[in-house]
Amino acid sequence: MTKRCKALMRQIICFTPQKGSFSDLLAAWVRIMKPRRADWLTVLKELRTMDHPLYLKVAELALLEESFEANVRDYTKIIHAYGMQNRLHDAEKTLSAMKSKGFTCDQVTLTTMIHMYSKAGDLVLAEDTFEQLKLLGQPLDKRSYGSMIMAYIRAGMLKQGEILLYEMDAEEVYAGSEVYKALLRAYSMIGDSEGAQRVFDAIQCAGLPPDVKLCGLLINAYAMAGQSQKARVAFENMRRAGLEPSDKCIALLLAAFEKENRLNKAFEFLVNLERDGIVLGKEASEILARWFRRLGVVEEVELVLREYAGR
């Protein structure tokens, strides 16, 4: 770090509103030290690393200085930072300032805006920006698609998100695992087992090996839909794939049996787990205890389990 950069960093770190205007401080540094773009970038990098509260203020003021030699990516970085803080108004002001300087929105900038609108839950603006992105005529990348899919998920429009997922597949562009997981979770939470199964299959087609959490989401979808037998099949498929079932997965399947009052199936399932040396954890045990208390058969359960175990 050059002396001129160190001088500014000291002033920024020690700055308080009582000392006057921050913009005046920065203007004085520019006038006296005559910084180059490399100096600006060094200071901004240091402030970002420190997560300093004045980072964005310095970045904004730098855009106004000729010595900074601002380009479109400098504006995009600030828009992204505002988006991460859900400061939509400030991000849009920066976008307007960028356009007023004659810079056009490229794919990176528009993708950043989609991500911001998606995160803020503004589906209309996300869709409008996505259409602008398509008009550029360039192939869309997984971040562009992913941000728009997340916007649909947040809006509860899961089928529209799924359509985009298939559109990506057709273009041989594959979403990140977090997008697949978010869509699968959304279908799972509303008990849409068909949608959950489609996304689960798409995950495997994309070459992403499902883990225990993803399998748990599929089991939960079938459980909520009142399809305990299919939930059991999903559970067994998980085990056949070599994945050790978590207590959460076991609890979900027991809850599915309870919902359909299939006590015999639950006993059979528990005996099989015991034979394979799988011990119930806290969550699964609590579901069993609740179920048995409701039925008033706590003492009788031990006898039935012993009968199953002896077969």
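Yeah, the Cβs are placed from backbone N, Cα and C, and that goes for glycine too.
The average per-residue pLDDT of the prediction over the repeat 'PPR' (71-105) is 92, rounded to a whole number. The repeat 'PPR' annotation in TrEMBL covers 71-105 (among others).
According to DSSP, the repeat 'PPR' (106-140) comprises 27 helix, 0 strand, 8 coil. The repeat 'PPR' annotation in TrEMBL covers 106-140 (among others).
Among the features that TrEMBL reports, domain 'PROP1-like PPR' is placed at 167-293.
Per TrEMBL, the feature repeat 'PPR' maps to 176-210 (among others). Here the repeat 'PPR' (176-210) has Cβ contacts under 8 Å with residues 142, 146, 149-150, 153, 156, 158-159, 161-162, 165-166, 169, 217-218, 220-222, 224-225, 227, 230, 238, 241, 243 of the same chain, all six or more residues outside its ends.
Look at TrEMBL and you will find 211-245 (among others) tagged as repeat 'PPR'.
Within its own chain, the repeat 'PPR' (106-140) is flanked in space by residues 72-73, 75-76, 79-80, 82-84, 86, 88, 91, 95, 98, 147-148, 150-152, 154-155, 157, 171, 173, which lie at least six positions past its ends and keep a Cβ under 8 Å from the stretch. Secondary structure of the domain 'PROP1-like PPR' (167-293) per DSSP (helix as H, G, I; strand as E, B; remaining residues coil): 94 helix, 0 strand, 33 coil.
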